[in-house]
Amino acid sequence: MTFNPQTSPLGSLPIHKIRSWLPITLILLLATILYLYQLGTEPLWQDEYYSVRDAEDFNILNPGVRPLYFILLQFWMNFGKSDAWLRGLSVIFGIGNVFLTYQIGRRTAGEIIGIISAFLLTLSPIFIFHAQEVRMYSMSTFLALLGTLILIEALEHLNIKWLILWAIARVLTTLTSPLNILILFPDLVIIAWRYRNQRRVLLSIGICLFLTGLLIIPSSVAILNVAPKFFGDWVADLSPINLKTVLSTPEVFTVDAPSSRELSKGMAVFFKLYSILLLGLMTVSLYYIIKHRIQPLLWIVAWAFLPPLPILLMSYAFANIWFPRYLLFVAPYFFILLAIGFIQIFYRWRYLAAVIGIYYLIAVGWGLTHYYTTSDRVNWSAISQVITSQEKPGDVIIYSRTPRNVQKPNPLSRYYQGQIPIELQVNVCAETVAKKQPVSDAKTVKITPLSNLLSTHSRFWVLCEAFDERVFNNFVSNQFKTQEHQTFKTGFEPLQLFLLVPKSSETPPKITPQTGNPNPNSPEKI
């Protein structure tokens, strides 16, 4: 069956009789407002520090597994290094994702589907989060969508130029986020079926794919080298994947609500019904597409469902990596399918469609409110302000970290603008052990012996990443008194900040042996 978006039932609403740029322009304006709103309010989180560090240290001779974003970020940092500016790079690609989703929806299912799917993506908290993040996922999704749009053009108007551009786009998205190579899986299925009776065309495409493979060989080798470390690191400690997690993926894409444990009973029921509603829309959409066998819409189904399959298999076989950020590049196709399902219901039961639309907007409105009003990040600026306002010559900041985190970038050093030194220590405030040997970074953090710090400074700002009162009291013993204590809440374990001074200025502080493992590079307790 030949599909024409302009004559299809999906494209027959009055809005399609007069092609208008106004709806998508308003949606792009809304996306810009949402992506820029509170852009620099929250401090960077751990993964964003990795991006900044990797961009600053980037070496073309050792590019790693995803060099493209860091090359661009390194250039971007020449013009500013504030939190808002660093995140601005992702904002550009985030707005581009909205426009490309509109274009793909319009080209495959008609104008109204393009507009609705772009609108749904614009309101998605998970897309806003990644558009406001110093990470590569917004950029990699943009490049994946760009490659898809180019492939649609190539499938409709076969031309070597489009095939070359498609291959380039797929190489670029893989060099930005390695898992995006999975988008080639549906590409190959679509191409093989489309040109199954045209061997010359398949041969030409095969040559493009061969050249594409050559270009991504270095990245593929690097991925194979780091994969064992990755699956043996923090992901190994996560809960195994289950069917509920997989089925809740559309809900995560559209609202990203907290777990039921964090919600009231009423809201938990509301979002369970919402998740069922989304699955219902997906079912209606898939039924319509399969029944009518509309080829471009079957492409959307392939791009939505085939790439996650290997991720699902790896999650069962090795460790759970079913994370929204790794699935972000397929999310726009789910929005297109949701839009198709909604329009199908709209044509048959308009009152039901109105109820669904209102329910959806209430859920998404709650998600946006939760996103903009809830913070789970450390307020490093507030910590720095407390220290700066009371610091004196001879002070030192002792930042006690866990063995797993001590080699990670130090976020306090970015926000603290005072004069006293920051010294990293392990397990001063709590006895923590890593279940597995932490994966070491390229840089090894030098740790000054605690005895040296206590003998050469007069006051001690102790920042505790993990806190156990018994262990901390053992450290303080009878030699110190607490002059200041503040707690800074985060989404995980709160940070504790203490200002310790010796009880007697005449008696040097007694060194109490540290509990736990003071050397993060030595074998951990099991």
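Keep in mind that glycine also has a Cβ here, set from the backbone N, Cα and C atoms.
What TrEMBL lists as transmembrane segment is 21-40 (among others). Sequence-remote contacts of a segment are chain residues at least 6 beyond its ends whose Cβ falls under 8 Å from one of its Cβ atoms, and for the transmembrane segment (21-40) they are 15, 82-84, 87-88, 91, 94-95, 98-99, 102, 114-115, 118-119, 122-123, 128, 131-132, 368, 372.
If you look up TrEMBL, you'll see 68-219 marked as domain 'Glycosyltransferase RgtA/B/C/D-like'.
Marked as transmembrane segment by TrEMBL: 84-104 (among others). Outside the transmembrane segment (84-104) by six or more residues, the chain places 24, 27-28, 31-32, 35-36, 39-40, 44, 48, 51-52, 72-73, 76-77, 114-115, 117-118, 121-122, 127-128, 130-135, 137-139, 141-142, 145-146, 148-149, 152, 300, 332-333, 335-336 with a CB less than 8 A from a CB of the stretch.
Residues annotated as transmembrane segment in TrEMBL: 110-129 (among others).
Residues or ranges marked as transmembrane segment in TrEMBL: 164-189 (among others).
Long-range contacts of the transmembrane segment (201-224) within its own chain (CB-CB distance under 8 A, at least 6 residues past either end) are made by residues 63-67, 158, 160, 163-164, 166-167, 170-171, 174-175, 178, 181, 184, 188, 191-192, 195. The transmembrane segment annotation in TrEMBL covers 201-224 (among others).
Residues annotated as transmembrane segment in TrEMBL: 269-290 (among others). Remote same-chain residues near the transmembrane segment (269-290) are listed as 247-248, 250-251, 254-255, 257, 260, 263, 297-298, 300-301, 334, 337-338, 340-342, 344-345, 356, 359-360, 363 (criterion: CB distance under 8 Å, separation of at least six residues from the stretch ends).
Taken from TrEMBL, the feature transmembrane segment applies to 297-319 (among others). Below 8 angstroms of C-beta separation, residues 3, 104, 108-109, 148, 152, 155, 179, 182-183, 185-186, 189-190, 231, 235-236, 238, 240-241, 246, 249, 286, 289, 326-327, 329-330, 333-334, 336-337, 340 of the same chain, each at least six residues beyond the ends of the transmembrane segment (297-319), sit close to that stretch.
The transmembrane segment feature in TrEMBL is assigned to 325-346 (among others). Same-chain residues lying 6+ beyond the ends of the transmembrane segment (325-346) with a Cβ under 8 Å from its Cβ atoms: 10, 97, 100-101, 104-105, 108-109, 112-113, 116-118, 120-121, 124, 126-127, 130, 135, 137-138, 140-141, 144-145, 173, 177, 179-180, 183, 249-250, 253-254, 278, 280-286, 288-289, 297, 300-301, 303-305, 307-308, 311, 352-353, 356-357.
Marked as transmembrane segment by TrEMBL: 351-372 (among others).
Taken from TrEMBL, the feature region 'Disordered' covers 505-526.
Marked as compositional bias 'Polar residues' by TrEMBL: 505-519.
Here the domain 'Glycosyltransferase RgtA/B/C/D-like' (68-219) returns a mean pLDDT of 92 for the predicted model. Among residues of the same chain six or more beyond the transmembrane segment (164-189), those with a C-beta under 8 A of the stretch's C-beta atoms are 65-69, 136-137, 139-140, 143-144, 146-148, 150-151, 154, 208-209, 211-212, 215-216, 219-220, 223, 299, 302-303, 306-311, 326, 329-330. For the transmembrane segment (351-372), the residues of the chain that approach it from at least six positions outside its boundaries are 34, 37-38, 123-125, 128-129, 254-258, 267, 270-271, 273-274, 277, 281, 342, 345, judged by C-beta separation under 8 angstroms.
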